[in-house]
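Copied over from Swiss-Prot, here are the features:
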{"type": "BINDING", "residues": "Thr15, Gly16, Gly17, Asn124, Arg165, Ser191, Gln285", "note": "UDP-N-acetyl-alpha-D-glucosamine binding site"}
Amino acid sequence: MTQTPIRLLIAASGTGGHLFPALAVAEQLLDYKIEWLGVPNRLEQTLVPQDYPLHTIAVEGFQTGFSLKSVKILLGLFSSVFQVRKLLRERKIDIVFTTGGYIASPAILAARLEGIPVILHESNYLPGKVTRFFSRWCQTVALGFEGSSQYFPNVETVWVSTPVRAQFLTPQPLDLPLEEDAFLIVVVGGSQGAVAVNQLVRQCALKWLEKGAYIVHLTGDRDPEADSFKHPHYFSLPFYENMAGLLQRANLAISRAGAGTLTELAITQTPAILIPYPYAAEDHQTYNGKVFADAGAAYLYSQKDLTPQLLEKVVLDLLNSPAKLQEMAEKTGKLAVADSAKRLADLVRNHTLLAEVSQK
């Protein structure tokens with residue numbers, strides 16, 4: 001007799017920081033029947049494999065204070081909860097896993113109303129408002145940073161770090177024309193790019209290139225000046241699919257401080273100069289970056305304080321300090337949790353079993 005597979009709904013949407021950890025967990029649950037909940041016209045439309053049926057609902061972030069827009073958003077939430085409840089029933093979902101963000105609220109509420117267990121993963125050190133508010137209706141909140149438990153005094157939490165995709169765990173070939181022993185600087189602004197960081201780097205790049213460095217600059221697709229700087233050893237790309245191979249080869253990264261990117265830096269033991277996105281909700285990227293800076297794994301600078309002159313000097317100093325870079329790489333590696341995806345998948349499996357037992 002063939003056993004019916006467990007049916008899992010993954011609610012993850014918007015940015016790589018929400019999607020990549022969810023995809024990593026899905027890779028660990030090959031025996032589950034997985035379906036995906038997202039938002040129309042977002043990154044999940046291209047990243048989520050066709051093996052996972054993608055369902056979309058319209059949902060917006062909450063507004064503080066009372067206004068017509070906040071009333072509209074609240075009514076939209078009620079509508080989206082109704083849609084998700086219908087989906088949970090029709091698809092006979094057994095358990096829900098979400099990585100937070102706007103999509104988490106209707107997913108958690110609908111699952112709660114249907115008596116379906118929910119596992120919520122929060123990758124940032126400072127949990128988002130949605131996570132903090134809706135965590136009370138989840139079976140467990142899995143944490144990307146160990147210190148984040150302080151924000152959940154009345155909720156069961158477990159530290160698992162943040163999962164990375166499987167390719168980060170094995171050596172990956174790189175198809176870029178780089179000299180074998182050349183110093184490689186990788187500039188990455190996250191899945192949405194970072195125009196301000198791009199401008200800073202272009203003002204400094206020539207000095208670094210003159211010292212023999214190569215630069216791979218991932219600009220994102222929203223930078224109108226992306227092609228304004230040219231040099232044989234400078235590669236400007238909107239995105240690069242093989243991030244695992246790129247960071248494994250990198251000697252230094254200049255990056256935002258999103259939780260997903262930091263996890264990839266830790267797994268690949270890549271020293272970094274971190275420039276938190278200044279408009280991130282509640283400045284959460286600064287909290288993330290501070291963990292790495294305090295551990296000696298990265299330098300942390302606010303965007304408003306980082307001048308081209310300072311960035312140029314810091315990188316040149318590191319170019320001339322291989323011992324310092326090695327020390328930073330080792331400290332970065334100590335922050336890595338290679339089996340994070342398995343830990344989260346095991347959490348999903350355990351709560352699936354608990355739910356089955358409670359129903360008998």
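The backbone N, Cα and C atoms fix where each Cβ goes, glycine too.
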Which listed residue (Thr15, Gln285) has most other Cβ within 10 Å, given these are binding-site residues: Gln285
Largest tally of Cβ atoms lying within 10 Å of a Cβ, found at which of the binding-site residues Gly16, Gly17: Gly17
Where Arg165 (UDP-N-acetyl-alpha-D-glucosamine binding site) falls in three-state DSSP terms: coil
For Gly17 (UDP-N-acetyl-alpha-D-glucosamine binding site), the three-state class that DSSP assigns: helix
Residue, out of the binding-site residues Asn124, Arg165, whose Cβ gathers the largest set of other Cβ atoms within 10 Å: Asn124
Collapsed DSSP category at Asn124 (UDP-N-acetyl-alpha-D-glucosamine binding site): coil
